[in-house]
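Okay, structure first, notes after.
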């Protein structure tokens, strides 16, 4: 009998569908009353503690999800990724971001070649270069030390490094290394972003890192040319070679741009942009800011989860459990969104990064074989640090739509504060909410409880909380570079598990391309209208033509052949 090509055709999927109605009839109040069940839904690895007992699931549900994983050949797919097989089938590429954080003596192959020596060659180059910049032996064109760095990139070249940078900013070791230095990220092609990035900086002390694998990414290269002009107008064209470096594989274009190809740092086709933070894309700017030793600890943390993911049995495997629970929530319970709620301000950029990792990876409508998916897949990811989110969108989560939540807490704060006379310290106040919110979502508040509190009859419907809203809690011991690396890898592999089970390619992103190609047509029209005064042609639909015409007429003061005008705040 042939193996079903869609996971939804398997007996394991059908078994879960049949199991669903019983779970829907069981409230979390009842499920949480079973201590043995709760204990079975707690897993620990390297002092990372996962509690998923507040999921709408019984032990039987979890066992059925493991059978679904077997039906999807999850273990084999994980092994294929680590073995360098071309699991990105539409682009015929390996998917080996795990190699980026592998120890020097490891062997991970792509197309029969061990790629780890190449990875470490680049890491050694980054270490040498970043140390020379940081100790002042590499200086700018006027002899001044380069204290400020602007990393220019977009998408995965921006969101991942920004997440790690923000998480490290208040870590004692990292922040000590960053004294007197500044790291900024320029992503948006909107000139306002360029203006904000150069505001207050001196070109003489600024190093620009241009991140583009092909060195042709439209937004990134326009921003790079803008900063090149900013540097050369102040210091002369020859200064560019001392103030700009590249993360790219296209050395001819790097050199043509004015950057010494010796100052280009490579990465590879087997690294997807959203999985590239552990490559030169993230390691170079982060090492310039915090020193390579700190960033190496981040890589070691990610590697520890890589090992756990590839070797731990599914019932103790944190990324596997998280991925399977997401499949259950999305495809069976019908919850399309997920809230990522870190109770740490240092993790404020985690949700935007995971939003890209998850939604760009699993926002697909067809299987690896090109078959339309007859079930819901992919998640809408969003989030905000606690307790800020409690005063923003938690209202909807408590009494509106059901949105499964990831609560992430840290035992020891990066920045402890104690005030005499307070009932608890600042971090304990934060964590009081971390522990309370999952129970509030799970248990809710019944009309009977409100009546016992003598709540007015007309207010009871408004103050009733139905509860039965799923969440999980992840508790980290600290939030240093090592733990940040672990957290990143947990979420990366969780996304892969979802894709492997759904049977989709989580490693391409064709949805990004269509808008790019249509923008090319618009760009040509804007040029023709600005320079030649041509009316908007018939190649656009009525709506777009109307909007374009209105835009051009309202911005007719834009010069046809402008002199260079740089942003200024």
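All positions are counted from 1 along the displayed chain.
Every residue, even glycine, has its Cβ placed from backbone N, Cα and C.
What Swiss-Prot says about this one:
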type     : residues : note
ACT_SITE : 360      : active site, proton donor
ACT_SITE : 391      : active site
ACT_SITE : 516      : active site
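Feature annotations (Swiss-Prot) mapped to structure.
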| residue | record | CB count, 10 Å |
| --- | --- | --- |
| 360 | active site, proton donor | 22 |
| 391 | active site | 10 |
| 516 | active site | 11 |
Rounded Cα-Cα span from residue 391 (active site) to the residue listed as 'active site, proton donor', Å: 29
What DSSP gives for residue 516 (active site), in three states, is helix
Taking just the CA atoms, what is the gap between residue 516 (active site) and residue 391 (active site) in Å? 37
